[in-house]
Amino acid sequence: MCRDLGDLPAAQPGSRPALPARRSAHRRGRDRRPRGADRVRARTRPPHLGVAGWIGVVCVLLYLLVATVGRLHGDPAALVALGPEAPSVGHPFGTDHLGRDLLARTAEGAWTSLLICLSSIGFAIVVGVPLGVLAGRRHGGRLDGLLMRAVETLQALPQFVFVMFLIGLMGTADMHFGPVTVGNGARVAFAIGLGFVPYFARVARAATVVEMQEDYVANLRGLGVPEREILFREVLVNVWPPVLGQACLAMAIAVFAEGGLSFLGLGVAPPHATLGNLIADAGGQIIGGDWWYATLPGTVLVLGILGFNLLGDTLGGRPGRRARSAPSVRRVPGRRHISTPTPKETQ
């Protein structure tokens, strides 16, 4: 482009001097699109949680605070009193009927419940999401139909009853597989996780069906990109946000389920503490006036359930798909480059 008027070519007689062409409105609008670092900042901007989301964050932080401070407070198995004592400066949660510090035992129960729930949800995601993605890749195919019939059959059963049935089949004694010993906590995590596999498979399948109908998938196929690369490098990335949003809701259900199983005696057996068996042990103590025995562990359990539930509602309601421009695709050797339109920008 010419830098000044002196560099312009000589005008022909009867003609106007050639001036640099102005950019079109389309060109100007395209130049204003976010590029480079702006687009990265747009993708990594923290989500807007709203009031409910921040309440959920506070509840989860309080749950973790009790679990952390209580573990530093003392030994949950140590006898620090002669019997039940009301909350005091030395024992903020009081003591139980055996004289053990209730804050330390509540912290142990909170960590045990949290680890069981994280393990169960992680197992359900690892197993359920790949099944859902493979089924959604061929919507209406044989694998899709077979998987959906199995999912609908399992979801027809009450989930809590299904988990109790699995734990009943596995028994309550420790299972030994060579040098590996599977205790009550691992069995509870496996049973709860297996109950969530159909749930995550259905969520992943629905998200995959939507993604496979997008323009960028057709563009990548036109460029000759292998189907497996499209599925696991592009589609799977956009399936994760709704899955993670639903994982928070599943965590709330898992915390409640673990507490209910321990309350019924099907979870982790004493002397190991969980929030459920602490509340179960306090059944007879409330009548005697020891209100703190069940109230304080129950409050921690409610904080965990409420916090994960509010976070799941907030994150699950957000649009989870990332903004895209033309995807970075390697050229396929031996294929002629096909000019394709730029995929639509999605928020």
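The backbone N, Cα and C atoms fix where each Cβ goes, and this holds for glycine too.
Please treat TrEMBL annotations as automatic predictions, because they have not gone through curation.
Here's what TrEMBL has on this protein:
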- 1-43: region 'Disordered' (REGION)
- 23-33: compositional bias 'Basic residues' (COMPBIAS)
- 49-69: transmembrane segment (TRANSMEM)
- 110-135: transmembrane segment (TRANSMEM)
- 110-312: domain 'ABC transmembrane type-1' (DOMAIN)
- 156-173: transmembrane segment (TRANSMEM)
- 185-204: transmembrane segment (TRANSMEM)
- 235-257: transmembrane segment (TRANSMEM)
- 291-312: transmembrane segment (TRANSMEM)
- 319-347: region 'Disordered' (REGION)
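Cβ atoms under 8 Å from those of the transmembrane segment (185-204) belong to residues 112, 115-117, 119-125, 127-133, 135-136, 147-148, 150-151, 154-155, 159, 162-163, 166-167, 170, 175, 239, 242-243, 246-247, 250, 254, 257-258, 261, 266-268, 272 of the same chain, restricted to positions at least 6 beyond its ends. Against the transmembrane segment (49-69), stretch 291-312 has more CB pairs under 8 A than any other of 110-135, 156-173, 291-312.
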